[in-house]
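Trainee: I'd like to ask you about the structure that follows.
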Amino acid sequence: VVKEKNRMGECPVWEERENALIYVDINAQKICRWSAVNHEVQCVSVDARVSSVALRQCGGYVITLGTRFAFLDWDTQEVTTILELEQDKPSNRFNDGKVDPKGRFFAGTMAEETAPGVRARRQGALYTLFPDLSVIKQLDQVDISNGLDWSLDHRTFFHIDSLAYAVHAFSYDVCTGKIACPRLVYHLEEEERMPDGMCIDVEGKLWVACIDGGRVIRVDPETGKRIQTVRLPTSRITSCCFGGKDYAEMYVTSAYDGLDEATLAKEPQAGEIFKITGLGVKGIPQNFFAA
């Protein structure tokens, strides 16, 4: 549905009030919005790698860029820094983020590669930004903090650390926002490659984007079993969300950075955004950051 190619398309969020899909291109340092009405893409460029975007209750967005939490006013394109973290780790940046059921913004960090295939291990963390703009650290020693979501009963938090090749579940206290007691939900099979972004459907099943695996998979967190696979026409599948009318469609982002010329020739749709229909299951609306 979006032909404009993204170097590293990520963090798709359906914005019902605009009838649009908002997403980021991390490596191009921009936040983009695709209108489902006129199919046009508008973008706002920023001064650092922008890794996640979420809706604000009062309009506009909360974003992570570099190692900062910030607000973005779409109309003026103004970015207002809330807080800068991890200034002692110059090769770190934020990665994926999402708002919890009480309007808190969870987002994690990772170490960038210092050379192809070389990165410092366990440098990342997972943080929560509260509506009063205070921040707590929830997890430490994370490799690549990635996909995240909450169970329908709000008692479980799901999180991906990509280099663990797994989805983990934590007990989640909806009153305090605190997480505890990690357990393994699903370990990816070799052909599925590395887990990236993730979302949940109305049946409480998880959808995981498999970067370099060219697919999204549906996992039952109760049984720890994969129950569905949807293959896509390019390998670097980065994230997914439900949207559209009644949240019956799935939007999937991808990337072309990291592919050599031979692979790009075989995957001409690398970096595009796809829509999957006919899944037979719907998603749920995104939560709004409560500030």
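Each residue, glycine too, has its Cβ placed from N, Cα and C.
Not my notes, these are from TrEMBL:
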- 8-255: domain 'SMP-30/Gluconolactonase/LRE-like region' (DOMAIN)
- Glu10, Asn146, Asp196: divalent metal cation binding site (BINDING)
- Arg93, Asn95, Glu113: substrate binding site (BINDING)
- Asp196: active site, proton donor/acceptor (ACT_SITE)
Trainee: Compute the C-alpha separation of Arg93 (substrate binding site) from Asn146 (divalent metal cation binding site), stating it in Å without decimals.
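Mentor: About 12 Å separate the Cα atoms of these two residues.
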Trainee: List, in sequence order, the same-chain residues at least six positions removed whose CB sits under 8 Å from that of Asp196 (divalent metal cation binding site)?
Mentor: Asp96, Asn146, Gly147, Ile160, Ser162, Val208, Ala209, Cys210, Ile211, Ile237, Thr238, Ser239
Trainee: Round to the nearest Å and give the CA-to-CA distance linking Asn95 (substrate binding site) with Glu10 (divalent metal cation binding site).
Mentor: 9
Trainee: If you take the centroid of the Cβ atoms of Arg93, Asn95, Glu113, the listed substrate site, which other residues of that chain have their Cβ within 8 Å of it?
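Mentor: After dropping the recorded site residues, what remains is Arg49, Ser51, Asn92, Phe94, Thr109, Met110, Ala111, Glu112, Arg119, Ile144.
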Trainee: Taking only the Cα atoms, work out how far Glu113 (substrate binding site) lies from Glu10 (divalent metal cation binding site), in Å, as a whole number.
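Mentor: Taking the Cα atoms only, Glu113 (substrate binding site) lies 18 Å from Glu10 (divalent metal cation binding site).
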Trainee: So how far apart do the substrate binders Arg93, Asn95, Glu113 get, largest Cα to Cα in Å?
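Mentor: Site span for substrate, by Cα atoms: 13 Å.
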Trainee: May I have the list of same-chain residues other than Glu10, Asn146, Asp196 whose Cβ is within 8 Å of the Cβ centroid of the recorded divalent metal cation site, in sequence order?
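Mentor: Filtered neighbour residues, in order: Cys11, Asn95, Asp96, Gly147, Ile160, Ser162, Gly197, Ala209, Ile211, Thr238, Ser239.
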